[in-house]
Structure formats: C-alpha cells, structure tokens
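A quick write-up on the structure given underneath.
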Amino acid sequence: MAGIPSVLYGIFGLAFLVPNIQKIFNLPKGQSLLAIIIVLAVMMLPTIITVSETAIRAVPKSYKEASLALGASKTQTTFNIILPAAKSGILAAVVLGVGRAIGETMAVILVAGNSPSIPKSIMDSVRPLTTNIVLEMGYAFGTHQEMLFATGIVLFIFIIILNLILTMISNREED
C-alpha cells in the first residue's frame, strides 16, 4: 500500500470519508482537519509498518533465542529485547511516515476544504502549507511568489530538523 499514489487516497477520502464525517457530526460539509488527519494517518501507516517490520526482522535471532532460553516469555522477549533492539529503526519508520505526511499535497487538497484561515476546531476546513503553495504558485508574482518560496523553505527546514533529531537519537543509542 506504500506505493499507492496519494491522489487515490485523496479520492477515497473525498468519496467515503468526507460524506461520513459530514453525516456523523452533522456538519455543513465534511472537508475538515479531521478528514486530513485520518487520510494522512492511513497514508503513513504502510510506510511505518513496512520499515518497522524490516527493523524488527533485522534484530539477530540469537537475541530472541537467548531470551527464551533464559525463561522469558514471548511477550517479555518482544517488549524487553526485540523492540528495544529495533527502536532506532522503528523511530526511523515514524520519521519517514511523518515526512511523507508533511510533504503531502494531493490527498490533502481533496479533503481539506481549502479555507485559508486558522481553524478553530478539528471540524473546520483548512489550507495546509503545501496546498497553499500548489494552489497559488501558478498566478503568484513578486512578493506573493517570494512568500510561497519562503513557505517551501520552512517546510524544507522542518524536514531537515526532523532528520537531525532522528540522527541525534540514533547516535545516542549507539553510544
């Protein structure tokens, strides 16, 4: 599922999620921050699960065998041996998933509601930064275009900071 184009997630959200949010919460329209959160969570999960599974499988079998040989249960082995050994890989999976969500545009455009205002609740329509860049860059010039580039730089810096945090955590675990 990690290879599914993001626009398909957006279409799914627009066709099924948005009408149900509208119905369940009795809203004038279902395009909302809640719809964005759900669609992005569904988009992030395949990446997080796949990379986490790879990290867990990379833990040497001898760790598990030694723990079980010492009398630990499978649950104790999983939570006290395997997951701590795979922690940096699992953290990398989460950062990759969050990075994908931060840079996402197409799915978000479809379910966000395109309201260029600060939401007061999770049920309000919004216009995320990536969506703002995509929707306005075609006709922007001068200062407006410079501000859109600045928005892109802010997103880029945020991703760099996430990667630096991951690197620091990974280095700290290796020490």
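Just so it is clear, glycine is given a Cβ too, placed from its N, Cα and C backbone atoms.
What TrEMBL lists as domain 'ABC transmembrane type-1' is 1-166.
Annotated transmembrane segment per TrEMBL: 7-25 (among others), in sequence order. Same-chain residues lying 6+ beyond the ends of the transmembrane segment (7-25) with a Cβ under 8 Å from its Cβ atoms: 31-32, 34-35, 38-39, 42-43, 106-111, 123.
Sequence-remote contacts of a segment are chain residues at least 6 beyond its ends whose Cβ falls under 8 Å from one of its Cβ atoms, and for the transmembrane segment (31-51) they are 1-2, 4, 6, 9-10, 12-14, 17-18, 21, 89-90, 92-94, 96-98, 100-101, 104, 107-108, 111-114, 119, 121-126, 128. Summarising the annotation, TrEMBL assigns transmembrane segment to 31-51 (among others).
As annotated by TrEMBL, transmembrane segment applies to 147-169 (among others).
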